[in-house]
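Worksheet: the structure to be examined is printed underneath.
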Amino acid sequence: MAKRDYYDVLGVSKGASPDEIKKGFRKKAKELHPDRNSDNPNAEAQFKEANEAYDILKDPDKKAAYDRYGHAAFENGSGGPRGPGGFGGQGQGDFASAFSDVFEDLFGDFMGGQRGGGRQRAARGSDLRYNLRITLEQAFMGMQKTISVPGTVSCSACEGTGAEGGAEPVVCPTCSGMGKVRAQQGFFTIEKTCPTCSGMGQIIKNPCQACRGAGREEKTRALSVNIPAGVETGTRIRLAGEGDAGVRGGPSGDLYIFIEVEEHRIFQREGLDLYCRVPVSMTSAALGGDVEVPTIEGGRSRVKIPSGSQSGRQMRLRGKGMPALRGAGTGDMFIELAVETPVNLTMRQRELLREFEAESQDNQPETSKFFKTVKSFWDGMKS
C-alpha cells in the first residue's frame, strides 16, 4: 500500500512553517491518540503515521530530503539521510516511539525532560546578583559607583568557541548533531543524551588550552554603575548583558544590583519622608524659641518652637525629604521635639523648680485632666 503524503497526513500545505507543522501534528495527535479511540481499530496505525510524518517534517534536513526525493529518501538501502542512533528511516515508527514523541510535543518537559536540547548550539549565560550598601546621603544625591564583579567571560584565547585557535566545533559523529541517541530495550525505545557530545550536538576536536574547551573563563570585572537619586533598600538595578558569558556564543546573562541603604545616625526614613528627633530644653519648650536642625543635603534650617510645646510634637519642613526615584516630587522632613528633663540639679535649681511648681498648678492642663480622671475612676470603684 502506497504511503500517504506526509503533508496530507498532518493536514498542512507544503509551504507550511515549522509552527504550522507542529500545530497540525498536535491536532492530529489529539484526534488519533489510541487512548481516545478505543473503538477505532485504525487509530493506532493512523497515530503512528502522524508521528512518522512529524518526525520527518520537523527536522529541516529530513524535510529537505523528503521535499526532494519523497518517501524514497528514507527507504532502506537508499542514499537518504540515515543518521547514527536510529534517527534516519521509518524503522523507528513503532508505537512505543510514537507514544514518546507525541507526549514530548504535547506536554514538553513533563514527559520528555530536556529532549531536543542538544540541538541548541548556544545557551544564555546565568544572571548575577550583587549586593551594594550605600549611605543615606548617597541615596539622596545619587552617585556613580565602580564595583568589582566576579563571574565568567568569553575566553579571549578562543573567542568563546572552546576550540584551539578559535576553530569552529564540528558536528558530533555519534548523534549527527541531534544531541541524543536511541537504544532499543525490548518493546520500548529509550532516548538519552549523546555520550560523545553531552547533548550539545557538536564536539571540539582540539580544545582551547586556556579554557579547556569551556569557551569561558573566570574573571573579576570592574563595572561603573549609575545609582539614581532616591533609591532605597530593596531597589533593584538591572545591567543587561553584564552577567555570566553565554555558552558557545550565546547571549550573556544580566547583572542585578540590589541596594541596601545604611541606617543614619540622625535621620530615619519612611518612604520619601525623613524624621529627625531633636531634644529641646524644658524652658525652650515652655517659653518657645527656635532651634537649628541639619538637613540631608548637608545644610541647616532654623525651626520655630511654639510656646507650650510637648514631647512628640512634630513640625514639617516641606521639600526637605528624599527625592522620588524617577523625579516625581520630593518628600518632607519632620522635626519631632523631645523635651529634656534636667538632671544633676544644684540646690538652687531645686529650690527654683519647687517655687515654679507651686506657682504652676493652673499651667499644666494635661496633668490636671489626668488626675481628675483618675479620681473619678477611684470614686466609681468605691460606689
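Heads up, residue numbers simply count up from 1 along the chain you see.
Cβ atoms here come from the backbone N, Cα and C positions, even for glycine.
Database features (Swiss-Prot):
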- 5-70: domain 'J' (DOMAIN)
- 142-220: zinc finger (ZN_FING)
- 155-162: repeat 'CXXCXGXG motif' (REPEAT)
- 172-179: repeat 'CXXCXGXG motif' (REPEAT)
- Cys172, Cys175, Cys194, Cys197: Zn(2+) 2 binding site (BINDING)
- 194-201: repeat 'CXXCXGXG motif' (REPEAT)
- 208-215: repeat 'CXXCXGXG motif' (REPEAT)
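Overlay of Swiss-Prot feature records on the structure.
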residue : record                : CB count, 10 Å
Cys172  : Zn(2+) 2 binding site : 23
Cys175  : Zn(2+) 2 binding site : 27
Cys194  : Zn(2+) 2 binding site : 22
Cys197  : Zn(2+) 2 binding site : 23
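The DSSP breakdown of the repeat 'CXXCXGXG motif' (208-215) into helical (H, G, I), extended (E, B) and coil residues amounts to 0 helix, 0 strand, 8 coil. Per-class residue totals from DSSP over the zinc finger (142-220), listed helix then strand then coil: 3 helix, 35 strand, 41 coil.
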